[in-house]
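Below is one structure, written out as structure tokens; comments come after it.
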Amino acid sequence: MAGKTVTNGAAQGKAARSGADGAVRGKAGMGRVDLIGAGPGDPELLTLRALRLLQQADVVVHDRLVSDEVMACIPAHVRRIPVGKAAGFHPVPQEQINALLVELGLSGLTVARLKGGDPTIFGRGGEEFEAVTRAGIPCDYVPGITAAQGAAVSARFPLTHRGLATGLRHVTGHRARDAALDLDWASLADPQTTLAIYMGAANMAEIARELIRHGMPADLPVLAVSQASTPQEQRLHATLQDIAAALARKPLPAPVLFIVGHVAAMAEDCALPQELYRPEWRLVAHG
């Protein structure tokens, strides 16, 4: 990959601590920080604004989930600082990322903070926005296609569909350390609402059990997707009652997105029993 970058965990921390002391020098006066959504991985799903800002940046501070294909859109001369996290592995703590963005912005640099998906959906973009703007640095959000949309488009099915799903909810399946999953199970257990569950692989058995206990059909279709829209994409189909066991038999690379709902049976490669399509609803859906 072209450009100046650092890849291992210890070096990531060092790169972040070094802040604006690298080769790129800031312009006179205040810089700016843009929190940019990289989308699910396919570079063609970047917005035009995201692409323009990446090409105009002095430095790109990027997450682990940004694909190599998207990173290749960054000009070779632009400095890159990796600050990615993985489950249980945070070489650069969030507070340090916030401080780095402030330091770079105060140095007069044009900073692209590049995040997988959309920075406003489970991306901690709000925390970074608050830190940057509190320091008086101009900052904007640049939306990206979130993982749920990327998965749906890649597998060729809708997230809502007349007669099948009248709503969509984005939910985190991740729990804080030693804490319970703090979810409103009763409101989530609505078969007419598609659930997009992020970061839930480790807790999917509990999630499925609680949804079923609160009234969600046990045979509701579920699609698990890893690295949606990229050449490395992997999918797994199951029912709600079977998804945890299916994932144990065939683990997918993290992070895994789960689409729970009748629309999941409309995915192009779904081999679930035909009765799960609820044909009486599909007649209504296709009107």
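Just so it is clear, glycine is given a Cβ too, placed from its N, Cα and C backbone atoms.
The Cβ of Pro40 (S-adenosyl-L-methionine binding site) has 29 neighbouring Cβ atoms from other residues within 10 Å, across all protein chains displayed. According to Swiss-Prot, the feature S-adenosyl-L-methionine binding site maps to Pro40, Gly116, Gly117, Asp118, Thr146, Met199, an assignment based on similarity to another entry.
Feature annotation from Swiss-Prot assigns compositional bias 'Polar residues' to 1-10.
Taken from Swiss-Prot, the feature region 'Disordered' applies to 1-24.
Secondary structure at Asp118 (S-adenosyl-L-methionine binding site), as computed by DSSP, is coil. Between the listed binding-site residues, namely Gly116, Gly117, the fewest other CB atoms within 10 angstroms of a CB are found at Gly116. For Asp118 (S-adenosyl-L-methionine binding site), other Cβ atoms within 10 Å of its Cβ number 25.
For Thr146 (S-adenosyl-L-methionine binding site), the same-chain residues lying six or more positions away in sequence with a CB closer than 8 A to its CB are Gly37, Pro40, Gly117, Asp118, Ile121, His170, Ala196. Shown in sequence order, Phe122, Thr172, Gly173, His174, Pro255 are the residues of the chain, 6+ apart in sequence, with a C-beta less than 8 angstroms from the C-beta of Met199 (S-adenosyl-L-methionine binding site). Taken over all pairs of the listed S-adenosyl-L-methionine-binding residues (Pro40, Gly116, Gly117, Asp118, Thr146, Met199), the Cα spread reaches a maximum of 14 Å, rounded to the nearest whole number.
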